[in-house]
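Q: Handing you this structure, nothing more for now.
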Amino acid sequence: MMAEQPPPLEATPLLNEVPLLPHMVNGDSIQQVILVQVNPGETFTITTEDGHIQCIQGPAHVPMMSPNGSMPPIFVPPGYVSQVLSFLLLLCVVLGEILIIFLLFIGDFSFISPFFAEPRSHGRTNFIQRDERSLKMQEHLKKRLKDRQASGHTNNKLNSPPSSPHKVLNSSNATIPNGNGKGQQGAVGALKQKQIGKTKGSPEAEMGGRWHGQGKSQLFSINSLQNRSAVLSWNLPVSSQNGESHSHSPAAFTFEVAISNSGKNGKFKSVYVGEELTITLPDLRPATDYHARVSATSSSIKETISELVSFTTESCEPDCPAAPKLINRTKNSLSLQWKSSNDNGSKITNFLLEWDEGKNGPFKECYYGHLKQYKLTKLAPSTRYSLRLAAKNDIGMSGFSETVTFGTAGVVPPAPAPPTLLEAGVTWMALGWSPPAGGALDDSLTYSLDMEEEGSGYGFQPQYNGDELSCTLRNLRRSTSYKFRLFAYNSEGKSSPSEVVEHSTKPDRPGAPSKPAVKGKIHPHSVRVTWEPPKDNGGSDISKYFLEISEASVGRWEPIYSGAQREHVCDHLRPGTSYRLRVSCASKGGESQVSSRRGKVLLFHFSAVPPGPCPAPALVGKAKPKEITLQWGPPAVDGGSEVTEYLLEMASSEQDERRVLYQGPAAEFGVTNLLPGRSYSFWLRAGNRVGFGPHSEKAELCTAPGPPEQCCKPLVTCKSATCAVVSWESPACNGAEITEYRLDWGQVEGSMHIIYTGPCQSYEVKGLTPATTYYCRVQAVNVAGAGLFGDTGVVTTPPSVPAAVAVLHLLEEDQVEISPPFSTCLAIQWEEPCCHGAEITGYNIEYGEKQLVTVGRNTTHVLENLLPDTLYRIRVQAINSFGVGPFSHSMKAKTKPLPPDPPHLECVVFSYQSLKLKWGEGPSRALIPNPTQFNLQMEDRFGRFVTVYNGPCHTYKVQRLSESTTYHFRIQAYNDAGEGAFSEVCAFTTTKSPPAPLKAPKVIQLEENTFEITWEPLQPMKGDSIVYILQLAAGREFDQVYKGPEPCFRLPAAQTNCEYRARVCAGRQCHDLPSTVFCCQRREPGPAAAPAGAELAQSGKRLREERAIAIALLCGFAVVAILFAVVIQYFVIK
């Protein structure tokens, strides 16, 4: 919420007492600059003379300039205390929380139109109590100002050094109660104090932190501070190495931001991890002190953590309060009470209570004040009212609470409607009712139900009392009528009874009829039965009877009659079968139980005969070599008795005697122990309790062929150390010809594999290992499958020469204990091969032009006396008592070249502080992968040689040398072959340094056409005198007019109305340079020397001629170069 318009500002009397500076009084060209510091959370408003208004949000520094150079009047809001501090060219005015600084500058500045500054702050209007430190600072500043004015030393004040600006800034934290400041020290006030505290010892005036760690300091700041959010931004860390700054890309860093609201030493919580440089912190609590820090990590820099940044979120409107509670109610009033919510930094001043006036319409205000309870009066009885609550502080109004509904007390409810029958049973009844019509809704409304049994003589008796709208009455009599009435209760009393209604229970189902009885004689296919009605009809007449029949063996009942008669003839029955009969009845009360549950069932039986013939047994699935599975069904006629067992017979042929295979109740049987590929005949008979029936038709079935029998143990014979012959005999085929044999072979008895499959009965195994035990077995296969493997045969091959060396490799320098010269030596190593039953005694090494070297049992050897930088082919073979084994694979190895010789060292560029050295032939930078490296060393002042360069380049510039000094150098070359010898020591001397540049010469006119040119002289450099060269130009070209040791020159006979330009340089005249002796002959005296003007013209003419010749030569060289380029393009490249 915006604060009210502040009252008109009044002039500060304290500023009128400040004396002006001397140059301000004298009217010099002075402008007065006013610097206004706007703190965070404040708004500074500037009104110009043309009527425009500009609002500036803090934090900010607003510079303003006076157009007339005088001290302008400063207008301060009522209640503010002005403080003026005068320093050297600095005037400060402290206005409560606004600091205005007057800076007086000397010089020409652009003018700004007259202004009228009117500070406005948006926020709370209550008072902020200044802390004790701010009050003491203000009193101290007032006392100092009065003392200085009394002593009259105003000029000394202006010339004295300024006091610490931090004290002035700290005084700005004191807020004067004037209606335009904050109501209490909340989020903004705390934030200002923290910002000012950050300025101590650092040049920043904004709130921020800095990185500390390996990188340089970078600013970490808080922007866009709100009551529930803040924007944090920071810069990338800048690392420093060798005095130089190195920046990094944002993607090279991962930043982690942590905040704490429990103090600087409290627990910090990580809120962000990523690569962004600016984040927004949401979900902050208003008017809360927070401390933030950011840490940066990367792969090249250790973790850096910034300094802590402290900030306080702004205050805002309160949180939504809880809903009001009802503490008392009457027919015409409601008493409510509530609690305060979180004020979010500003004290809650008022509460707003709204209601809907009991009309379910829009909400209207019913109370606005600071109390936490309120009583609503003049309400209607038995009426519900909806209410909601909001809290208000100096910032604004909170949201409304949840809507609650409360009702006033009422009157006795009207008579309710009579209860209705929801559902009725034999001994129970469910009744329901509705609230009284026209009555008010009441949470405490209860009901009372009364009942009167017909013919009991006891009248109405209470049966239910509660707040439900239904009830169930139990333990009633069947088929009986009852009367009911209903009462309604509330807190005010009991209503009138409802109308009397009558409801009845249902009749019960009847009892079971009597047991059925046979009437007359039992016929072969039918029987007549009769029965009597039940003794208990359940309160209603019997309307129907139900007769059911069931076979005694099945147990499933089937209805055969339904009607009102009590007699029925059962026909279509099967002879030899037992039957059961039962009867039940039905009335309005339901269906009775069947007579069988009470033992009232009629059972009768017909005589049975043997069953008829069965169908022939059939094959189930496919026939197996030694097993056949047969299956059959029951006979078509069971003879009136259940089939209890079957009799299965078998014969190899019709002439053989039949034998019983199976006798039992199952309808399936598996015949085992048969021969593969044979034909068999089968017969089947069925039997019941009377006896067995006739045989079925004959079923002729055949078994399938089977796999061959198990093979015998194979015979193994060794032909050599690597070859063996395996043979075996053919087993029984079991009805199918053997198609192939399988030979299983291996070195482990439990882990063998098939090496041969075919019709032959022998196999030759090759490629065996000498002195090794092998196992083998054989399996026969036909169309029926594979037989079992036979017994396992064992054979051991005889020993032989060693196997070939499998692993052969070259040893590196770091793998050899005694490092030989690898330019003439090669170190090799191999793994010991299999000995094949005889111990290895040595090895043969073949290298070069089939040169053979025999060594012992060692697996490493150094080949010596080889040629450098030469490729050799090497292979190794093992030796035992049986002979020499095969050679290993060939390995190519190359000896290293000899170390390089040192190159010739020379100096190509001399300077007074550097020497550029060059050696060998090649590019200045390495262009090949592994070039020759060079080690350049220089002798120091202690006589030791120190490495100044190590690399592949052929040039190097030695810098930071002294002038005219001799330095000694040597160089060494090295490569993969090793380090070469150092070259001879070379001495190079730096040149002498030139003199420093001179300032522009000064020209003094002596006469009308005579000028004297002077310049500042230089001191001799280490005993060498200084020579000056003066050049003069009347147009564009400079001509030398003087050269000598004097620092001045007189120019006579200058042309009138002609502009001259002069420049001078210094030269160093060295006395220790080599000289040449010559003799000058005496000449005859000639005419007098030409005047200085003629010499000047002649020298200028010679200079122009020389320049023309140089330009002509340059053009000629350019033409020749172009011609050469054309010739190369057309005749060489194309």
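Cβ atoms here come from the backbone N, Cα and C positions, even for glycine.
What TrEMBL says about a protein is an automatic prediction, not a curated fact.
According to TrEMBL, the compositional bias 'Polar residues' annotation covers 151-161, 169-178. According to TrEMBL, the compositional bias 'Basic and acidic residues' annotation covers 500-509. Annotation comment: TrEMBL describes 216-316, 320-411, 415-508, 512-612, 614-702, 704-800, 812-898, 899-994 as domain 'Fibronectin type-III'. Feature annotation from TrEMBL assigns region 'Disordered' to 140-210, 494-523. Residues or ranges marked as transmembrane segment by TrEMBL: 80-106, 1108-1133.
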Q: I need to check the long-range neighbours of the transmembrane segment (1108-1133): which residues 6 or more away from its ends have a CB within less than 8 Å of a CB in the stretch?
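A: Beyond its ends, the transmembrane segment (1108-1133) has no Cβ neighbours under 8 Å.
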Q: Considering only Cβ pairs within less than 8 angstroms, which of the stretches 320-411, 812-898, 899-994 has the most against the domain 'Fibronectin type-III' (704-800)?
A: 812-898
Q: In the same chain, who gets a Cβ under 8 Å from the region 'Disordered' (494-523) while lying at least 6 residues past its ends?
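A: For the region 'Disordered' (494-523), the nonlocal Cβ contacts are 412-421, 424-429, 431, 433, 436, 448, 450, 476-488, 529-540, 542, 545, 547, 566-567, 581-595, 597-602, 604.
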Q: With DSSP, how much of the domain 'Fibronectin type-III' (812-898) is helix, how much strand and how much coil, in residues?
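A: Across the domain 'Fibronectin type-III' (812-898), the residues distribute as 3 helix, 38 strand, 46 coil.
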Q: Which numbers of helix, strand and coil residues does DSSP report for the domain 'Fibronectin type-III' (320-411)?
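A: Final tally across the stretch: 0 helix, 39 strand, 53 coil.
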Q: Counting each residue once, how many in the domain 'Fibronectin type-III' (415-508) are helix, strand and coil under DSSP?
A: 0 helix, 43 strand, 51 coil
